[in-house]
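Read the structure below first, then the notes.
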Amino acid sequence: EACYPPGTFCGIKPGLCCSELCLPAVCVG
């Protein structure tokens, strides 16, 4: 499954971020 790049909304699923960080609801690099 593809991950989401920084700046992408991730809600409560930080594991879907390419950077694995979600703060607070957006993937961060």
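Every residue, even glycine, has its Cβ placed from backbone N, Cα and C.
Taken from Swiss-Prot, the feature disulfide bond applies to CYS3-CYS18 (among others). Within 10 Å of the C-beta of CYS18 (disulfide bond) there are 13 other C-beta atoms, taking all protein chains into account.
Residues annotated as disulfide bond in Swiss-Prot: CYS10-CYS22 (among others). The secondary structure of CYS22 (disulfide bond), as reduced to three states from DSSP, is extended strand.
The disulfide bond annotation in Swiss-Prot covers CYS17-CYS27 (among others). Secondary structure at CYS27 (disulfide bond), as computed by DSSP, is strand.
According to Swiss-Prot, the feature 4-hydroxyproline maps to PRO5 (among others). Secondary structure from DSSP puts PRO5 (4-hydroxyproline) in coil.
Sequence annotations record features per position, and here Swiss-Prot assigns 4-hydroxyproline to PRO6 (among others) based on similarity to another entry. Other Cβ atoms within 10 Å of the Cβ of PRO6 (4-hydroxyproline) number 12 in total over all chains.
The annotation 4-hydroxyproline is assigned in Swiss-Prot to PRO14 (among others).
Under a cutoff of 8 A between CB atoms, and with a sequence separation of 6+ in the same chain, the neighbours of GLY29 (glycine amide) are PRO5, PRO6, SER19, LEU21. Residues or ranges marked as glycine amide by Swiss-Prot on the basis of similarity to another entry: GLY29.
Spacing of CYS10 (disulfide bond) relative to CYS27 (disulfide bond) is 6 Å (Cα to Cα, whole number). Note on the disulfide-bonded residues CYS3, CYS10, CYS17, CYS22, CYS27: the fewest other CB atoms within 10 A surround the CB of CYS3.
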